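Visitor: Pulled the feature table from TrEMBL, pasting it below:
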type: TRANSMEM; residues: B:55-77; note: transmembrane segment
type: TRANSMEM; residues: B:97-115; note: transmembrane segment
type: TRANSMEM; residues: B:121-140; note: transmembrane segment
type: TRANSMEM; residues: B:152-170; note: transmembrane segment
type: TRANSMEM; residues: B:182-202; note: transmembrane segment
């Protein structure tokens, strides 16, 4: 799908 | 990091501390679902594989390690500890976890951002976390008079999810271009699963009664 999401959350 | 995210993380941390205190102080894991704890360990291990190759902040690294170690610790208590393990009622904790894990894996293989091992496992962990509380909720429903600390543990876990919803709304409003649909949809489902529990928890608290969920 679209761009990879940010992985700054836990 | 905004205040909702931080409050959510602290609530999550507190929920685990409450659970560990309950087990350690009462030397009993009555009402605690081993299945849910094992699912959480699987969630944390598959999600935090990035500990090995990416660094966000000391805060994130510490929290990730804490979540992995603490769920491992709870599992150790329930399975191995001499007295605590005797209080585990496996006859009540019968939820078939493969019915949760397999569909989540199939969904993660189908709906993901990138077809790589780490991305699929990360997506799997997001889907699995959304439903990992179900064995615990089923066990609470079977337990008459849920003990206060176990009730508080589940309430704090649900509270952490509700705060994450606020965190996402805040980020949508303040960060242009920020979006993560997989996380939002799974997180909304995860929070919705707690609605029924919240209703009975607050009702029992207002009436000053022991919590018991209707079956």
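Cβ from N, Cα, C; glycine included.
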Visitor: So if I exclude everything within five residues of the ends of the transmembrane segment (B:182-202), which remaining residues of that chain have a CB under 8 angstroms from its CBs? That is, six or more out.
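Guide: For the transmembrane segment (B:182-202), the nonlocal Cβ contacts are 111-113, 123, 126-127, 129-131, 133-134, 137, 140, 151, 154-155, 157-158, 161-162, 164-165, 168, 211-214.
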Visitor: Residue list, the transmembrane segment (B:121-140) vs rest of chain: Cβ under 8 Å, 6 or more residues beyond ends.
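Guide: Answer is 31-33, 35-36, 39-40, 42-44, 46-47, 49-50, 92-93, 95, 97, 100-101, 104-105, 107-108, 111-113, 146, 150-151, 154, 157-158, 182-183, 186-187, 189-190, 193-194, 197, 211, 213.
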Visitor: Grab the same-chain neighbours of the transmembrane segment (B:152-170) for me: Cβ-Cβ under 8 Å, and only residues 6 or more beyond its ends, written as numbers and ranges.
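Guide: Same-chain contacts beyond the ends: 2, 4-5, 7-9, 11-12, 14-15, 18-19, 22, 32, 133, 136-137, 140, 183-184, 187-188, 190-191, 194, 197-198, 201.
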